[in-house]
Amino acid sequence: MRWYRWIAVKLGLLAAPPSDSHRSVHINHVDPLEVPTEYPDNRIVSSKYTVWNFLPKNLFEQFRRIANFYFLVVSIIQLSIESPVSPVTSIAPLMFVVVVTAVKQAYEDWLRHTSDLQVNNRAVKVVRNGELHRIKAKDVVVGDIVYVVDEHKFPCDLVMLSSSNDDGRCNVTTANLDGETNLKVFQCAPDTQGMQTIEALSALRATIQCEQPTSDLYLFRGRLLMHTEDEASRPPARVISLNQQNLLLNGARLKNTRFIYGCAVYTGQQTKMALNSVYQSKNKWSTIEKGMNKFLAFFLLVLLLEVGVCTGLKYWLASRPGGHPWYNPDANGSGATAQMVVQDLFAFLVLFNYIIPISLYVTIEMQKFLGARFLAWDGDLYDKERNLPCKVNSSDLNEELGQVEYLFSDKTGTLTENDMIFRKCAVGNRRFADVNDRLFEILDGGATHHVQVDLSEPDMSAFILLLVLCHTVAINEPSLLNVALDMGLKNKGRRKGRSFSDESMRLRQLKGEVLYEGASPDETALVSACRRYGVVYQANRDNCYVISYLGHEMTFPILKVLEFDADRKRMSIVVRTSDDCVTIYVKGAETAILPRCTVGNIDAMQASVDAFAQEGLRTLVMAERKLTNEQWIASMAELSEANNFLVDREKKVREVHDYLENNLTLLGATGVEDRLQDGVAETLESLRIAGVKTWILTGDKQETAVNVSYSCGHFKKSMQAFHLTKCGDVSTCETLLQTMHQTINHEADKQYCFTVDGPSLKIAFEHHPGLLQKVCLACVAVLGCRMSPIQKALIVKMIKDSPDRPITAAIGDGANDVSMIQAAHVGLGIFGKEGRQAARAADFSFGRFRMVMKIFLVHGHWYYHRVSTLVQYFFYKNVAFITAQVFFSFFTAFSAQTVFDGAYLTLYNIVFTSLPILAFGLFEQDLSARALLAQPHLYSYNKKNAKLSIKEFVKWMILSVWHTLVFFFGFYFLMAPNGVMSQDGKTYDMWTFGTAIFTTVVVTVNLKLLILSRHWNGFLLGALAISFVAYAGLSVIYNATIWKGLVTPDMYWVFFMVFDNPAMPLCILLLIVAALLPDLALQVLESSRLRATYLKQIFSCRPDRKKRWFPADQRKPSVDGSVMREVVPTQPFGFQNGSLHHSETSETII
């Protein structure tokens, strides 16, 4: 590549040339086969700018904005023509906005640079030249053998070579990658697992061939080519396949393993964590930003219209007989040239350009950035269990929280605790229940406490053996904690981000207790249940599971683990149960297991699974298959051959898995409880009253999901239920949807709930999307079960694209929820046990589902009210200010003479009127948090961007025009010939006229915020005081001196002349009052209307037969048997200082 192409690639102007689809990594930099390839170093770069590119890159990004680019063009025009005002009037505000934005972005990037330095400079140990060297993490290169000890993070992506465990395994937590706190087991290649010394590793001659880096955390394809010292030019002696179980990811932490050695394969920006650090999703824009851009386009048209009208009238007036101005009798309008017309067009453009608020963008950015801190500071949104506050990943969408109409929610880990407890199981035709940590048979619908199960029975023994063997649970041994503490890894106090449960676990370890940690909470629950029944998983030694079965120790060699994946929906473990027999234990969803079973009572097991699901339990089905040694050896050969493929490996491996996991013998099923989180039912009810429709989209089976929906109040007994499930063909699906649609049309007064499963949804999406959309939109609540991640995203997109274009939000806690979260307008993530991938992909992340209520009803309402008012206010104050200049042009024969001094034009937006609206945007509360939570229906008033509607916009513009009419013509008639004069008998000049108008404008537009505000606070009042003092102080300094080259003599002492005659201050006061009277009257009318609405809402209640009181639009019965809180307001709202306050209420538990 030529040098200029290299520079172009580095600058991002040209794409890098395509590389090979695979890479070869020579372990320990020994190159037996080929010349080594250069790879990126291990430097992590999350920053956006460097010292060299900050200025051009930042300026380019800022001037991509319409408003900034517009003022840049205006500034250039002012420098190019004989401008009626100084170019400083446009350049100075533009520079202020650009500098403030640049400083903010530079500070944020400096924080990223600081974080990068900490990561890049941490100490790492590598094997080089036969010795263990201590280097910085950034100096690790591909091919290095890295040494990592317990409780340390992996500095890059490593292929594991060996570990302190003789079986070549290690335990890892990937909480930093996907948030899963459960341990995962990784395995090194059999040929290298014995290389536990530096000498052995230094003598290793091997090459790793693997795919180029990808962002998929759960996929890795490669192979290890083993060589000897004298066969560098010959084919390798042995080829070992590598997969995701051999790859240790950067950012993951080694747990319960003394040390590991690994070879660096992906470094720096090519690690999977770096590739996942930024989701390549479409940028989200808030509704207010879209409306704001429309307003900007409208005012640009108004500006062009004003410029065109004034220019045309100027030449029309000059062309009339006697139309030349009296002060220039020689002027001739017929001699106009194109250059003169352009000059005048640009002159009027410069005069009127202030109708576009230049500081709007920077103020909104500051308001959103600072306002987002309130979510992090809110104690109600702090998760004490995990020691995590609410996190805002995208403050650009703050106000969208106040307009959500549809909420799409995952179930497991989002609505539930994801804390599994074994409750029931079924073996053959019998069912069993866990009672006080003992297993009893269920007879006549209940567990008989006097008949305990005999675990030595053949059927029960086979079932319990599967539970205790078919897993990847790791044992958290207390001895390893002491090793970590001895190495100086013990932290003083609790580490940030570590939950209280983590600390409790470490304390239990210190006491010598053996703990189970698994990749799935279900697995841990099952193994723990077996321990309670006397079947204890004791250890994993030399790749053998050691168990104690009712006091008898047994050892089972583990031959292969077929990990769980979402496509198969099952996992298997291959165990040698005798010298001539190999047993495959399989567990998974009933849809993935039962069709593969050939032995066992499948119908009875399906009935047991359905019964468990009706109780809201998560179900798994267990089965086994026995193979002879010959069958197993043949299958292993096929699997090894499939694993050695670098192309289509997954397909070939899946075919072998399908063969092994077939012709199964059914053993039993389990039911595990995952209880609801606290506050879920109350939150869903509040959201329903607020007008937010909640849809639950889950991968669980239908019976479990429906039961949970009823238990949490998502579905209610009073709703008519529709079901679109188990549809095997297009005609059945169409018939059901048509029937539902007709029922809804004929009985529109009823409330409907709708349940759909994944297979039926696929048919409906392909053949009847419009009909499906109509049915879903007409239902109050929708439940999707057996949903794949892509189907969740498609449902969200279907509602987003519906005719009403509602604002949608999606909430989840796992990696399978990421596509749904990114598809919605607002993404919400839960810091859950399924992982933090959803939390990282979301716009807002927090700990518990119940926090949604306050985030939407309180913070969302406040954010929307603040930002919508801020946008309208900016356009209002600029119209009220600059329209006087348009009026003035009619009285100056359109001579492009300015009525305001250049200094006032410069400082109006960036000094005199910027701070109060920022304080308003940060601290305004039109209603208290208590009132908003007590009356959730208030949330619905902001839907459809109500405060930026055409009606609201016209109201603001009428008031702005009224204000400017009062200002301009009030002083015009006051200073008309024979009007008010100064004390020395002189009439006021043009600059006094303009300064008087400007003073009135500054005071009025700032005082208007006091009328708008319902929450007067020290920040707002202080900001107003600062603005008034700044205007007065700067005006005194500016008018009391003559600064050659900076201040024109025309403004000398003008500000003092305005207040020379008492009539002028009195006139300013009267004009301010006259201008603000309509605003005050509208606020009083609005408050009265709101108060009447609230009182009507409360007093239009009627008692039902159970003497429960509900507002008219909330008379919907609750779930039968549920506990319901009724809030009976006594004088529910009161008005104090123009603000609505919620008073004390009495509460009755019914």
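Glycine too: its Cβ is placed from the backbone N, Cα and C atoms.
Of all ranges given (874-896, 1058-1080), TrEMBL attaches the label transmembrane segment to 874-896. Which of 462-483, 902-923 counts as transmembrane segment depends on TrEMBL, and there it is 902-923. Looking at 88-109, 770-791, 990-1011, the range tied to transmembrane segment in TrEMBL is 990-1011. The Cβ of Phe564 (ATP binding site) lies under 8 Å from the Cβ of Ser520, Arg570, Met571, Gly588, each of which sits 6+ residues away along the same chain. Proximity to Arg618 (ATP binding site), defined by a C-alpha to C-alpha distance within 10 angstroms, is shown by none of the recorded positions Asp410, Asp813, Asp817.
Listed in sequence order, the binding-site residues from Thr412, Gly699, Arg786 having a Cα within 10 Å of the Cα of Asp813 (Mg(2+) binding site) are Thr412.
Each of the binding-site residues Thr412, Asn816 was scored by other CB atoms within 10 A of its CB, and the lowest score goes to Asn816. Counted within 10 Å of its Cβ, the other Cβ atoms near Asp813 (Mg(2+) binding site) come to 32, all protein chains included. Of the candidate ranges 295-317, 953-975, 1018-1043, 295-317 has the most C-beta pairs within less than 8 angstroms of the transmembrane segment (345-364). Neighbour counts were taken at the CB atom with a 10 A radius for the recorded positions Asp410, Asp817; the maximum falls on Asp817.
Beyond its flanks by at least six residues, the transmembrane segment (902-923) meets 85-86, 88-89, 92-93, 96-97, 354, 357-359, 363-364, 366-367, 370-371, 866-867, 869-870, 873-874, 877-878, 881, 994-995, 998, 1002, 1005-1006, 1009, 1012-1013, 1015, 1017, 1019-1020, 1022-1024, 1026-1027, 1030-1031, 1034, 1038, 1047-1048, 1051 of its own chain at Cβ-Cβ distances under 8 Å. All protein chains included, Gly699 (ATP binding site) registers 22 other Cβ atoms within 10 Å of its own Cβ. Counting only residues at least six positions away in the same chain, the Cβ atoms of Thr591, Gly699, Asp700, Lys701, Gln702, Asp757, Gly758, Pro759 sit under 8 Å from the Cβ of Arg786 (ATP binding site). As a whole-number mean, the pLDDT of the domain 'P-type ATPase N-terminal' (26-91) in this prediction is 80.
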